[in-house]
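Features of the protein shown, as given by Swiss-Prot:
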type     : residues : note
DOMAIN   : 6-69     : domain 'SH3'
REGION   : 104-134  : region 'Disordered'
MOD_RES  : S155     : phosphoserine
REGION   : 208-300  : region 'Disordered'
COMPBIAS : 209-220  : compositional bias 'Basic and acidic residues'
MOD_RES  : S215     : phosphoserine
COMPBIAS : 235-250  : compositional bias 'Low complexity'
DOMAIN   : 246-280  : domain 'WW 1'
MOD_RES  : S249     : phosphoserine
COMPBIAS : 283-294  : compositional bias 'Polar residues'
DOMAIN   : 299-333  : domain 'WW 2'
REGION   : 331-401  : region 'Disordered'
COMPBIAS : 345-356  : compositional bias 'Polar residues'
MOD_RES  : S350     : phosphoserine
DOMAIN   : 414-447  : domain 'WW 3'
REGION   : 449-477  : region 'Disordered'
MOD_RES  : S459     : phosphoserine
MOD_RES  : S462     : phosphoserine
MOD_RES  : T464     : phosphothreonine
MOD_RES  : S469     : phosphoserine
DOMAIN   : 477-593  : domain 'PH'
REGION   : 623-642  : region 'Disordered'
MOD_RES  : S632     : phosphoserine
MOD_RES  : S636     : phosphoserine
DOMAIN   : 677-866  : domain 'Rho-GAP'
SITE     : R713     : site 'Arginine finger'
Amino acid sequence: MAADVEGDVYVLVEHPFEYTGKDGRRIAIQPNERYRLLRRSTEHWWHVRREPGGRPFYLPAQYVRELPALGDPAPAPQPSVPQQRPAVPEPLAYDYRFVSTPVGADGSSAEPRGRASSLCGPARQRTGGQRNSLAPGGPACLYVRPAAPVRPAQSLDDLARGGTAPPAGLLGSAGHFKASSVAGSWVCPRPLAPSDSENVYEAIPDLRCPPRAESPKQVDDPPEPVYANVERQPRATSPRSAAAPPRLSPVWETHTDTGTGRPYYYNPDTGVTTWESPFETPEGTTSPATSRASVGSGESLETEWGQYWDEESRRVFFYNPLTGETAWEDETEELEEDHQEQLEMQPSLSPRSPGQQRPPTPETDYPELLASYPEEDYSPVGSFSDPGPASPLVAPPGWSCQITPDKQMLYTNQFTQEQWVRLEDQHGKPYFYNPEDSSVQWELPQVPIPAPRSVRKSSQDSDTPAQASPPEEKIKTLDKAGVLHRTKTVDKGKRLRKKHWSTSWTVLEGGVLTFFKDSKTSAAGGLRQPSKLSTPEYTVELKGASLSWAPKDKSSKKNVLELRSRDGSEYLIQHDSEAIISTWHKAIAEGISELSADLLQGEEGEPSSADFGSSERLGSWREEDVRQNAASPSLSPGGLESDLSRVRHKLRKFLQRRPTLQSLRDKGYIKDQVFGCALAQLCERERSPVPRFVQQCIRTVEARGLDIDGLYRISGNLATIQKLRYKVDHDERLDLDDGRWEDVHVITGALKLFFRELPEPLFPFSHFHQFIAAIKLQDPAQRSRCVRDLVRTLPAPNQDTLRLLIQHLCRVIEHGEQNRMTVQNVAIVFGPTLLRPEMEEASMPMTMVFQNQVVELILHQCADIFPPH
């Protein structure tokens, strides 16, 4: 799915690639070339442009690497630590710089044997294509638990004064990054096994040791970067007590439920909460896990991670000041994503009594601490805020709940015996699934409970007002979903020329039938995760719609449904399976019947005061009068006339209060369109002799090259042309260099569509017969002179626009050997577009021949008819 790019983002080519575009351009990229990223169009192709002023093009996303974006992020706020916490040493702030390992005269490494292990070693394999290097493009480096705490070291400036300047590292002599702790943002990545790697941190005094002669080793590779810990604010670190209780992995936090007062346990790594103690504590020893946001406990300091900013790669990473472990931010996100997938594959459906519900997570129990918790620290599983039943086993009225042998909660309707299974989505939010028709919805269908109906009493019978029942809340349910073939034949009363059948993911939900654009990704996860559906292409309201089987003259396909909406649009829906289309017919028909009943009730009810500016009833006065006449035959015959006059008076006041069209235009509610607007009116509005859209199209076509084969003859994608038309009509800022309009045939098609949509063609209707009579003249000189005089009698906007268009088409004809567009071909394309009668005549084929001849003559005599200024 396409994603816009914010800011200046560049990509670096890593592999050569070459291809030929649709417009005939040859695109070639070479390694180490840099381009500006404009748009991530798809998963495999990105839209880029060479800086500065280059033409945009597409290149494969797998062949390039995205460079880090520029700009320094704002430092995170530092929350204060409560005073009552015991004072503990704060984590040291380090200045990380890239230095090289000293190499002895014999080429051996100066690294001591006791701390041997290169910083860059074989990368520990992880799933998801994780990046292990600290700097983009660097070697795969490991950051693991050291054998001993990291020791403070001397600064590099002291080393320089000592006379042993470190050599340049892999990233250059000036490559370094600063690490500043961000209090309140702590994460705990999964600890590594001791066998994964060895200590990778090296202190500055070790670098100054002389090389060992007994460990000769030929160094063929470039010097490897070594991270040196430089102490900025040295503080005495209190040693850990030997009697401290051992830390458990994974880490659990203890919280108190504000509703029940019971303590519960929360795992910040997985987001799981439980009432039961996840670990057994020895007698006389209590070691509750502390909150992730607290850094005052010396016991939990080992598992606390600080969030730091790498100025070199401009990325956030996490560092444990005691264990020496470091991790990228995306590593913790991948751990959370893996856990979310595990929760989705194995949902927790075990029965729970009201006292055994899942306890709340910290964001629910402590809402005031949400500002200090980063979003990626814990999962919101079981912490949704949507209203629901107090317990899964507490069934709504009219339903009974039981546990199946598969440990699933089955709800049964006590009246219709309808059964629904309770499941949970990836966020722990419950939803209900009907195994009979595969329908899914967030809540159980409401069971109508009989209630005493209130009788409407007139003011003549009683002064007591009738009790108004509260409006029944409508539940938006997912009635049906699947893949269907569909096409739109009529758009709001306007019949479309062609039927374009396409396959789309179709959803019937809450009385609305929605056709989505992309069916590949939606069909797989649409029922399970409705939020992943793509952008809807068509949305049809079933209220007031009609459904029937399409006759043969509408479509030759089998199993075709015809759906007509209230706004005058018509759709054809088809599926190869008769059983599937029958179920769709039943579901849509039931939805239409239910909504039609509601529509009739709404028409019989009283209209709101917002519709007519008054709370008086203006509705079904005829039925009221009929009932009153039947009840009291002695009613005055003038009562009906008075009601009619009252309604007429109310309607007149309502129409008089309507704003004028000009006032709506002045306020910006109505914007005049470009397509379909009169040429003179459009030029006057834009204050230009030629419409701006025509000028933009001509400039863009000539800039991209007039040697493209079939220019103005090959049709562009109709859907893209309609999108461009919508963009022109609703947005004043039009950029034809955007990647969406890369195909030049889309621009030429939009230009031809603009001239076809004119209310009056470029050659006005009043001049049509005169041009036809002039082209029929036998004398060539007289014919040319007559056509030239007629062109000069055209209105000024028509004449200026025709001049610009004809001169552009002449330049297209000059490249006829490459684009194969001769004078005859161009005349055939633009003849019926520029010159047409007001009413279609019987001799239409013969008239079309004369139309083409008129345009062909103007193209030949362009220099004479339109002399240069």
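Numbering starts at 1 and runs along the chain as displayed.
Backbone N, Cα and C define each Cβ position, glycine as well.
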DSSP-derived helix, strand and coil totals, residue by residue, for the domain 'PH' (477-593): 25 helix, 49 strand, 43 coil
Integer average pLDDT (0 to 100) for the domain 'PH' (477-593): 80
Within the domain 'WW 3' (414-447), residues counted as helix, strand or coil by DSSP: 0 helix, 14 strand, 20 coil
Cβ contacts of R713 (site 'Arginine finger') (under 8 Å, same chain, 6 or more positions away): M821, N825, V829
Residues of the domain 'SH3' (6-69) by DSSP state, where helix covers H, G and I: 3 helix, 31 strand, 30 coil
Conformational class of R713 (site 'Arginine finger') under the three-state DSSP mapping: coil
